[in-house]
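The structure appears right after this line, and notes come after that.
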Amino acid sequence: MAEELVLERCDLELEANGRDHHTADLCRERLVVRRGQPFWLTLHFEGRNYEASVDSLTFCAVTGPDPSEEAGTKALFRLSDATEEGAWAAVAADQRDSTLSLHLSTPANAPVGHYRLSLEASTGYQGSSFMLGQFTLLFNSWCPADAVYLDSDEERQEYVLTQQGFIYQGSAKFIKNIPWNFGQFEEGILDICLMLLDVNPKFLRNAGRDCSRRSSPVYVGRVVSGMVNCNDDQGVLLGRWDNNYADGISPMSWIGSVDILRRWKRDGCQRVKYGQCWVFAAVACTVLRCLGIPTRVVTNYNSAHDQNSNLLIEYFRNEFGEIQSDKSEMIWNFHCWVESWMTRPDLQPGYEGWQALDPTPQEKSEGTYCCGPVPVRAIKEGDLSTKYDAPFVFAEVNADVVDWIRQDDGSLHKSINHSLVVGLKISTKCVGRDDREDITHSYKYPEGSPEEREAFTRANHLNKLVNKEETGVAMRIRVGEGMNRGCDFDVFAHITNSTPEEHTGRLLLCARTVSYNGILGPECGTKDLLSLSLEPYSEKSIPLRILYEKYCDCLTESNLIKVRGLLIEPAANSYLLAERDIYLENPEIKIRILGEPKQNRKLVAEISLQNPLTVALSGCTFTVEGAGLIEEQKTVDVPDPVEAGEEVKVRVDLLPLYVGRHKLVVNFESDRLKAVKGFRNVIVGPS
């Protein structure tokens, strides 16, 4: 009788598997592989090697607390001669001395998560069980059979592997790129992402069913959308929009997801204070990329928050044009969400591809504060019956806006406002470049096209099909040069009379600070022209001077000022409204890299900023992050005040761990100048 087969050890071949599965950054101390693609194992036996004629090897892979073959969370499979498509399999690849090298294959629809792998070796009537190790299984956008497959290597690099990028803020007429450190492969982040799945309410209610459903990126995306906010659960971030962040961190101060996720884990899954839309979106992007789902952050300018699903945002204003209506339905200056790439077998053909997911807690979906995934194509087509939450996302990019002026006697007059169009300049970072890509066309057909009319008809969006009222008099807000924080500047109400008649009216100009979500602050400039005459076929530009001393104490960290012009013509009973959001530029953060960037060789970054204000800055700090360049976030305090016009300079030590292109991301804070962002690309060569 043959001697019993005894396993001495199992080599999980971390280096080779990490290279083959694009998980090298995760495979330093553990095995992380992607589903639907074989990975290597080497079995080392004591005494003798495996003999096919006398030995039987049966493998068992399980995930979750209650694994079962029926749920797809347990797999039993024997060593065989060939792989079977769509099934777990083990195939011998090489045999020498007392070692046996294997290819282990996983189905392209296996649940993602943490697995335990064991072996039962039988020789005749003898048998022994051995624990081979543990591994983590991720979605695989390189595998054609996987629901997240992308056929472009450049897109896989950008949307799965790239650890830094940009989030777009500012305004539709002044788009500002904000650098962000996603850091999905940084130390401990994968474990945190898996923990996030394991504390979601669906797992707590029925762990076996939840783990089974993790085979679907649609399901996982929806769970992540709900878990990034903490409104229903032990989610990551608490949202706050009132500019009172003293007991936490201002949403504008974050520069990456890593610090947020680590804080959440460190504090026992307690909510991190505070987030706003781009922070929710960026953290969701980190989690989804880490799990292997191609994902990008998207910004929509002039984004509607339509609560009652009538695709209409109504503003009620007093006779001076000031909004007096409820703030629950608003036009946000911009709003961020994410798109993830996946098939939709639960929907009709044609709805695969980019899916919108919005983790910012706004409205409940099936009892939970989450939104999506909904096919971007369904939004474009006006197919509002499509899962999930199509009406809400459709309204964000297509809602109509009506302004009502309420007179002293209570009567309402509809104003003409062509300056505010919902759903503009929908933006994301370009693939492989530090540029902005405009993806508005993927959400909306060209304005006025037959396809747009069909989509609006399908969505029953009748407001958009009504021709806009024209009077022959138009007004828009123009800006001058030098729109920098700390400066005085001019804005202009530019009025055009395209009619053969003279028009006379009253012009009210008002500038107020504003948060990105449309909440107005105090006035910082006004003008009231009681009698303004417009000659036939003429133009006029009326200036409004905005002084730093007026806005310095009330400008929010959004750096936005809303300028409103209201032209009232009593003779024609006409109200012409124009608005524009102005973004004030922060000073530039300059970053110099001292020395040649080489792998595993110390490096110094010199970071500087010039105070643009007329007063000194105190409490100055620089915070630095950069996946692959610096292990943990570093903060450098500046002990002395920085006088007006003076330059402040600090140095930070770096240790690049990986060859390639990385971003060093910087945030500057002080008492009077906050959330100033900067970045520098660093190309690291081999040592």
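Keep in mind that glycine also has a Cβ here, set from the backbone N, Cα and C atoms.
Residues annotated as active site in Swiss-Prot: CYS277 (among others). In the three-state DSSP assignment, the secondary structure recorded for CYS277 (active site) is helix.
HIS335 (active site) has a Cβ environment of 25 other Cβ atoms inside 10 Å. The active site annotation in Swiss-Prot covers HIS335 (among others) and is backed by sequence analysis.
With a 10 A radius on its CB, ASP358 (active site) counts 30 other CB atoms from all the protein chains. For ASP358 (among others), the entry in Swiss-Prot reads active site, with the evidence type sequence analysis.
For ASN398 (Ca(2+) binding site), the count of additional Cβ atoms within 10 Å of its Cβ stands at 25 [all protein chains shown]. What Swiss-Prot records for ASN398, ASP400, GLU437, GLU447, GLU452, GLU539 is Ca(2+) binding site, and it gives similarity to another entry as the kind of evidence.
Annotation note: ILE582 (GTP binding site) sits in a strand segment as assigned by DSSP. Under the heading GTP binding site, Swiss-Prot lists ARG476, ILE477, ARG478, VAL479, GLY480, GLU481, GLY482, MET483, ARG580, ASP581, ILE582, TYR583, citing similarity to another entry as support.
According to Swiss-Prot, the feature disulfide bond maps to CYS230-CYS370 (among others). Taking the Cβ of CYS370 (disulfide bond) as reference, residues of its chain lying under 8 Å away and at least six apart in sequence are, in sequence order, ARG222, SER225, GLY226, ASN229, LEU357, ASP358, PRO359. Look at CYS370 (disulfide bond): DSSP puts it in coil.
Per Swiss-Prot, disulfide bond is recorded for CYS370-CYS371 (among others).
Annotation source Swiss-Prot lists N-acetylalanine at ALA2.
What Swiss-Prot records for LYS468 is N6-acetyllysine, and it gives similarity to another entry as the kind of evidence.
According to Swiss-Prot, the feature site 'Important for catalytic activity' maps to TYR516, an assignment based on similarity to another entry. TYR516 (site 'Important for catalytic activity') falls outside any helix or strand according to DSSP and counts as coil.
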Entries of HIS335, GLU447, GLY482, ILE582 which, being recorded positions, have CA atoms within 10 angstroms of TYR516 (site 'Important for catalytic activity'): HIS335
Cβ contacts of ILE582 (GTP binding site) (under 8 Å, same chain, 6 or more positions away): SER171, PHE174, VAL479, MET483, VAL491, LEU560, ILE561, LYS562, VAL563
Residue among binding-site residues ARG476, GLY480, GLY482 with Cα closest to the Cα of ASN398 (Ca(2+) binding site): ARG476
Most crowded position, judged by CB atoms within 10 A, among CYS230, CYS277, CYS371 as recorded positions: CYS277
Subset of recorded positions (CYS277, ASP400, GLU447) lying within 10 A of GLY482 (GTP binding site), CA to CA, in sequence order: none
Spatial separation of CYS230 (disulfide bond) from GLU437 (Ca(2+) binding site) - C-alpha basis, Å: 31
Between GLU539 (Ca(2+) binding site) and ARG476 (GTP binding site), the C-alpha gap once rounded to whole angstrom: 11
Which listed residue (ARG478, ARG580) has most other Cβ within 10 Å, given these are binding-site residues: ARG580
